Amino acid sequence: MEEYGYLWQLALILMSTKFLGLLTKRYKMPQVVGALLAGLLLGPAVLGNLLSGVVIGGHHLENLALHQTDFIEHLSEIGVIVLMFCAGLETDINELKKCGKASFIIAVLGVIAPLIGGGAFTYWFLEEGWIEASPDSSLFIQAVFVGVVLTATSVSITVETLQEMGKLKTASGNAI
């Protein structure tokens, strides 16, 4: 039964993401907010902390929280690739040429702002001790890692939101 644990994870991810996506849509928010909430709630940040130290019948309940596994990591990479591919399919090259300078500036700022801003805040939080630093690598490397993660996710969240709003084919959507 243990070898099919990934199916349990996949079912839980899909159901919670769909449910919270529909809930956020009902409150006129993008469904991607629901997906982010599902990941936050089911992961070690919330569910793992709530169940930390709880033992019932010799079983540690903190293991019920979803953790980053190879399966989830590969699945998320495929998801981002499919999302970007779909965004590329909806992009009009002629519209992109019209807003070339604006799209270049937006692209550069969309990469630089999360990278530097996220990295700087993370470095500051690590240095102040507000978040726990890993002893395995330097503070700078950890801060750069967080900046890179924020950069990668900011683009995909923007594309998903524009796609859901039906504005990916507009001049603003093409610029972004």
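Glycine is treated like the rest: Cβ placed from N, Cα and C.
TrEMBL lists 17-173 with the feature domain 'Cation/H+ exchanger transmembrane'. The transmembrane segment annotation in TrEMBL covers 6-23, 35-59, 71-90, 102-126, 138-159.
As a quick check, the transmembrane segment (102-126) and the transmembrane segment (138-159) clear the bar of 3 or more Cβ pairs under 8 A, pairs 6 or more apart, so the two touch. For the transmembrane segment (35-59), same-chain residues at least 6 beyond its ends with a Cβ under 8 Å from one of its own Cβ atoms are 12-13, 16-17, 19-21, 24, 65-67, 157.
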